[in-house]
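Dumping the structure here so I can ask a few things about it.
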Amino acid sequence: MESVNKCGKSASTRNCTVKMSRKMWVLSLLALAALQLHSGSEVAAHLNVFLNPVEVMRLLGVSAEVYYVREGHINNYALNFIVPVPANVKDISFTWQSLAGRGLPYSINVVSSDQEVLPRPAINVSHSGEIPTTIQTWSIALKCSGLKAAEVDVTVSLEVVLNRSLNNVTHLVFRRKKICLMNDSAEDLSEDVDDPQLLETVMLPPTGLITLVVGVSVAMGSVCLLLMIAYCVKGAANKRQHHQHGGQPMRTSSFQRLNTHPPCQSSMGSAAYMTPSIIAPIHGSSLPRKVPVSVEQQHPEELHRRISELTVERCRVRLSSLLQEGTFGRVYRGTYNDTQDVLVKTVAQHASQMQVLLLLQEGMLLYGASHPGILSVLGVSIEDHTTPFVLYPALNNTRNLKQFLLDPACARTVTTIQIVMMASQLSMALDHLHSHGVVHKDIATRNCVIDDQLRVKLSDSSLSRDLFPSDYNCLGDSENRPVKWMSLEALQHKQFSEASDSWAFGVLMWELCTSAKQPYAEVDPFEMEHYLKDGYRLAQPFNCPDELFTIMAYCWALLPAERPTFAQLQSCLSEFYSQITRYV
């Protein structure tokens, strides 16, 4: 394989960046909802401007009220966010209310950055008038011309006069990014709400809605910002509970789902639940996908050819120490030609022919992969009356990533920045594999390695079933599978694709944040399909920033087409890395 350049910013990658950012935004609001912060600008408590639960569900996939201005407190964090509008959403809405005891004069201006693609956005209220003292929702029609596919920036400017004699005027700017498709005519019917589960969620009674109270200023210093996020994440995590069939909450739960019933407590004290499966997709992405290949598709002739090319003499391999041992599998540290440090995978003498064949087949999965983030096989030794050796390069004390994370002395020294760096390295490696039509099918920390410089590499899954037996389960079909890492379509129909790899990568990121805890530890493997269909997903780890959790949660969208590609994941991880290192 040749290295692939992933630095280009395609339109679909930008789609992902803004789409991922919207979920980062909403989840960070959920984490901060319990705090009554007053560090933002104020407008004398005369005004509310917010998105109602229906609008938030349509655009952001969460049942909540998101305030831009609440009782005069301006949420600059929300105002600075550009909300993407999917192609199937034909209008956007806002809700406002005057709290001054009288109508507040206003003026509205809506601007499209491309009149050819998105002409004349029309609002259903006057461009100038008075904000009523009762709650009112108004909307802006965003009907694309269908002449070409593009992303169009829509800027909504709202000017509110609080006190004309004192020249007290508030200016608010709301930004949207509308996705327009070719032949997407203005007459197309809207598909805003067509999911029964989404409909059920949107039509919750008011007592079951989450009200977000946020007044965070983006201009806060780095120390305050980091401390605030850490405090809020810890507080939210301590309150996170799982309600099963109306029973008592399980405080040790590692998963969560959307709460579709009114909570017993107020929204400020109840757990915040999330179902990524109902996130509306961005329909502007059209990345071509190659036909995937996997271990099962390797022909015997191809396997023989690869082994022939990689054959090394057994006498050149020296084993120095045993790193891992299973029922039949072994992993050693050693040297090749007395100069090159290597990892050696092999099997015991009592291993069956099938186990030997599986070692060779899975060991060849990443054959020829030339990428700094991939641990490709270096050589194979097969000699009569001996078990095979599969060699991998192992500079700088390379070891298994899951074992590294399970070692308390190592795991507690890993920072959030380093976790993001690891995830970014692996996303680039997987983007490289997918660009060559290779689907990994078993992405997890057990199938990665790490060196002393915390550089991580993706490896194949050979011997993993034997070395990490608790990570695999047999569901009555005589096949050990990584059930807790698998997407719903992989569980139900054994359908593996780039999208199922994306799902597993989300679980891998969760492992990185939890020191390789077992995902869905409380769930019986036979119940996983049921739990995923019901919307349950892994809960946010205690030490995981909201933005990072949003990236992993987006990988768990129910429909494969709604999950991000690894090029998109890399873009989002790079953006988050820039954010968290800006003040360091």
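Cβ coordinates are placed from backbone N, Cα and C, and glycine is handled just like the others.
Features from Swiss-Prot:
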SIGNAL    1-40  signal peptide
CARBOHYD  N124  N-linked glycosylation site
CARBOHYD  N163  N-linked glycosylation site
CARBOHYD  N168  N-linked glycosylation site
CARBOHYD  N183  N-linked glycosylation site
COMPBIAS  250-261  compositional bias 'Polar residues'
BINDING   L323, Q324, E325, G326, T327, F328, G329, R330, V331, K345  ATP binding site
In whole Å, how far does the CA atom of T327 (ATP binding site) lie from that of N183 (N-linked glycosylation site)?
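Distance between the two Cα atoms comes out at 59 Å.
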From the glycosylation sites N124, N163, N168, N183, pick the residue whose C-alpha lies nearest to the C-alpha of L323 (ATP binding site).
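Spatially nearest to L323 (ATP binding site) by Cα position is N183.
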List, in sequence order, the same-chain residues at least six positions removed whose CB sits under 8 Å from that of N124 (N-linked glycosylation site)?
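Residues satisfying the criterion: W138, S139, I140, A141.
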Of N183, G329, V331, which is closest to N168 (N-linked glycosylation site) if I measure between C-alpha atoms? They're all recorded positions.
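Closest by Cα distance to N168 (N-linked glycosylation site) among the recorded positions N183, G329, V331: N183.
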Around the ATP site formed by L323, Q324, E325, G326, T327, F328, G329, R330, V331, K345, list the extra residues of the same chain whose Cβ is within 8 Å of the site's Cβ centroid.
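Along the chain, the qualifying residues are T346, V347, L463, D466, L467.
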Counting across all protein chains present, how many other Cβ atoms fall within 10 Å of the Cβ of N183 (N-linked glycosylation site)?
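N183 (N-linked glycosylation site): 11 neighbouring Cβ atoms within 10 Å.
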Which whole-number value in Å describes the distance between the Cα atoms of V331 (ATP binding site) and N163 (N-linked glycosylation site)?
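About 75 Å separates the two Cα atoms.
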C-alpha of E325 (ATP binding site) to C-alpha of N183 (N-linked glycosylation site): distance in Å?
59
Within 10 Å of the Cβ of E325 (ATP binding site), how many other Cβ atoms can you find? Include all protein chains, please.
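Looking across every protein chain shown, the total is 13.
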